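Take a look at what TrEMBL says about it:
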type	residues	note
DOMAIN	23-288	domain 'NADH:quinone oxidoreductase/Mrp antiporter transmembrane'
TRANSMEM	60-80	transmembrane segment
TRANSMEM	92-115	transmembrane segment
TRANSMEM	152-171	transmembrane segment
TRANSMEM	178-196	transmembrane segment
TRANSMEM	202-219	transmembrane segment
TRANSMEM	239-257	transmembrane segment
TRANSMEM	277-294	transmembrane segment
DOMAIN	290-344	domain 'NADH dehydrogenase subunit 2 C-terminal'
TRANSMEM	326-346	transmembrane segment
């Protein structure tokens with residue numbers, strides 16, 4: 001892609017998200033979401049592959065549906081209350097419609113079906129943008145309106161997403177689909193606690209972005225998109241294979257890695273709110289997710305691809321990818337647990 005076009009598209013992505021962050025008016029927020037969608041569409045279709053075009057079409061249709069629902073919900077709310085302010089979402093029908101539309105935007109269960117299919121049709125870098133940056137603007141709106149939304153609806157969305165995210169990833173062989181279901185499960189963790197402690201949602205979103213970025217960048221570095229090719233990673237680069245396995249375990253929430261911190265704090269908050277059944281359900285769904293991460297780690301580090309050459313092949317080309325962002329994300333994804341007391345002190 002032309003670097004000038006790429007610069008315009010990426011700056012439009014930033015503009016759309018910033019516009020939604022800064023807006024207190026429904027139309028401006030909607031406009032920011034639309035700019036986001038229109039900016040990422042050419043990035044998704046840039047390879048002109050049938051799968052990429054199909055994924056782009058599916059993504060555009062779902063995002064357009066969600067945007068139309070947001071516009072309809074905000075118009076309904078303005079009609080009944082006379083207010084276009086985001087913080088004044090007092091109409092129950094409008095608030096339910098609004099949270100459903102945002103759930104469709106970020107891929108929460110039960111409106112998650114587009115997410116694995118779309119992510120499977122994209123290359124890893126565009127998939128990374130879709131899994132991280134594209135979640136920011138809708139989450140800003142959910143955080144602003146969480147107190148006016150029915151708590152039962154948020155709880156059901158969160159619990160269903162963690163269950164579907166864990167269950168759906170079990171039988172996948174494509175890594176991008178596994179990461180899509182991982183994203184759905186993490187969104188569920190964020191939504192379940194948003195009405196009790198929005199700051200925990202933001203912490204969970206931050207750690208999710210760090211861990212997902214590390215996972216996508218390591219897979220891109222090793223040029224791997226299927227479980228069957230993970231077995232060759234160890235013979236190519238043992239260090240990269242080891243760190244990838246640790247990043248996947250961090251995504252699963254295994255201590256003493258970074259991914260354990262948000263899950264621990266969210267379970268603590270749910271117990272504090274006297275919701276032991278929901279906390280237990282969330283912990284059990286985390287175990288289901290952990291199983292398929294362990295499956296990936298097993299394929300990567302405990303199975304070796306059958307080969308007859310014992311020495312390292314001299315003709316292997318060196319990668320031209322920039323490794324500094326990868327190193328920073330890996331360190332953050334593995335080693336931030338010790339600063340938990342500092343984060344707790346800042347959010348208290």
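Glycine is no exception: its Cβ is also placed from the backbone N, Cα and C atoms.
Describe each of these features in terms of where it is and what it packs against.
Tertiary proximity for the transmembrane segment (60-80) is limited to same-chain residues at least six positions away from its ends with a CB under 8 Å from its CB atoms, namely 26-27, 29-30, 33-34, 37, 41, 88-91, 93-95, 97-98, 100-102, 104-105, 114, 118.
Here the transmembrane segment (92-115) has long-range neighbours at 33, 58-59, 62-63, 65-67, 69-70, 72-74, 76-77, 80, 134-135, 138-139, 141-142, 145, 148-150, 153-154, 157-158, 160-161, 163-165, 180, 183-184, 187-188, 191, meaning same-chain residues at least 6 beyond its ends whose C-beta is under 8 angstroms from one of its own.
Distant neighbours of the transmembrane segment (152-171): 96, 99, 103, 108-110, 112, 116, 146, 177-178, 181-195, 278, 281-282, 285-289, 291-292; these residues of the same chain sit at least 6 beyond its ends, with a Cβ under 8 Å from one of its Cβ atoms.
Within the same chain, residues 124-125, 127-128, 131-132, 135-136, 139, 143, 175, 179, 182-183, 186, 189-190, 193, 225, 240, 243-244, 247-248, 250-251, 258-259, 261-262, 265-266, 325-326, 329-330, 332-333, 336, 343, 347 sit at least 6 positions outside the transmembrane segment (202-219) and bring their C-beta atoms closer than 8 Å to a C-beta of that stretch.
Note on the transmembrane segment (239-257): residues 182, 186, 211-212, 214-215, 218-219, 221-222, 233, 263-264, 286, 289-290, 293-294, 296-297, 300-301, 330, 333-335, 337 of its chain, located 6 or more positions outside it, place their CB under 8 angstroms from a CB of the stretch.
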Under 8 Å between C-beta atoms and at least six residues away from its ends: which parts of the chain pack against the transmembrane segment (277-294)?
155, 158-159, 162-163, 165-167, 169-170, 172, 178, 181-182, 185, 188-189, 192, 248-249, 251-254, 263, 266-267, 270-271
